Amino acid sequence: LQGIFVLGLPYALLHSGYSGLLLIILAAALCCYTGKILIACLYEESEDGQLIRVRDTYEDIANACCKKLSPNLGGLVVNVTQVVELIMTCILYLVVSGNLLSHSFPYVPVTEKTWSVIAFVTLLPCIFIRTLKIVSKLSQLCSMVHFVVILLVITYCLTQTHQWSWAKFRLSLEFEDFLVSIGVIIFSYTSQIFLPTLEGNMKNPGEFRCMLNWTHFSACVLKTTFALTAFLTWGEKTKEVITDNLPSFLETLVNLCLLAKALLSYPLPFFAATEIVYSCISKGNHSNYRPPLLTLTVRGSFLLLTLMMAMFIPHFALLMGLSGSVTGAAMTFLLPSFFHLKLKWKKLSFLEKCADISVFILGFLCSLAGIVCSIKGLLEVFG
């Protein structure tokens, strides 16, 4: 999920300057930390001091925290937030697909919105995906395409080192643009909604913390390198989707690769969102039978929703910033720190409590400010 949104990081640096580099590193550290405390909420100590996994999902953690108010209130909030984040991700894939097709074939008299519709038509078979087995194969292809794209862009940027200048980095910042950049950077790291399932399916769950450290470190290095080399190459001319800056001979190739990646990435968040909605609809029904008409209706509705949203908000960076500020901050910072404090308060040290409270406050402030600025930016664009 994180791969294609790396394209917005150079644009984020344009509006955040040197602080953007620190934000990419800080976001990696904070996301790694909240991933660990989220997984810690799945476990409780037995009488002999052994950790036992007593919860399986993000929803279970939320319900455990809110059981005094309502048995299912926490799970409902988490499910709604997860669905919003996943659907926003799907919308972004459609938006960027239209953008990529438009710039790949500039001489074809077709608007960017029409290209998004064409991309949408190729995604209609998603309605018939029934298992994660197919989705996992598509995700493997995505990973291969992703590394090819990153390698091509970085290689080109390295050939332009003669025009690099650190003077391109801003020292003075526009506060509102900076806050939108925070949302973009946060969204590029969000993965918490998948961590409970990932940890539960690991052959050796004891290696989860080590795995999280290395993956976030690797992601931080890759994203910093990519964003820095791209911004140093184009400076003030950096565009929302960095591939728009590439020379024509390379742009078309990279754009087509990214288009394939976007279309191959779409089924994962789409499948996850529809499964959450269907599980909520059929809660209490222990039968594995799913009425075909209901399944097709849910999936078809979600497909059309993503298309309609892509038509009305065709602005990649602003939409990504809004998503990161709303759902990304909630799922990545606010809820993990709140749940950890709620479930583990008596067993946490003073420093751990301070860390969780600090993450919560930081997440709340970033989310609030990012929401206001992203919405203001969208309103100005429509105006």
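Here, residue 1 is simply the first one shown, and the rest follow in order.
Glycine residues also receive a Cβ, built from the backbone N, Cα and C atoms like all the rest.
Here is what TrEMBL says about this protein:
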DOMAIN    2-375  domain 'Amino acid transporter transmembrane'
TRANSMEM  20-43  transmembrane segment
TRANSMEM  76-95  transmembrane segment
TRANSMEM  115-132  transmembrane segment
TRANSMEM  144-166  transmembrane segment
TRANSMEM  178-198  transmembrane segment
TRANSMEM  210-233  transmembrane segment
TRANSMEM  253-281  transmembrane segment
TRANSMEM  293-313  transmembrane segment
TRANSMEM  319-339  transmembrane segment
TRANSMEM  359-379  transmembrane segment
For the transmembrane segment (210-233), sequence-distant contacts whose Cβ falls under 8 Å of one of its Cβ atoms, 6 or more beyond its ends: 2, 6, 9-10, 12-14, 20-21, 24-25, 28-29, 31-32, 35-36, 150, 153-154, 156-158, 160, 163-166, 168-169, 188-189, 202, 242, 245
Outside the transmembrane segment (20-43), six or more residues from its ends: residues with CB under 8 Å to it: 9, 12-13, 51-56, 58, 60-61, 64, 181-182, 185-186, 188-192, 195-196, 199-200, 208-209, 212-213, 216-217, 219-220, 223-224, 227-228, 332-333, 336-337, 339-340, 343-344, 355-356, 359, 362
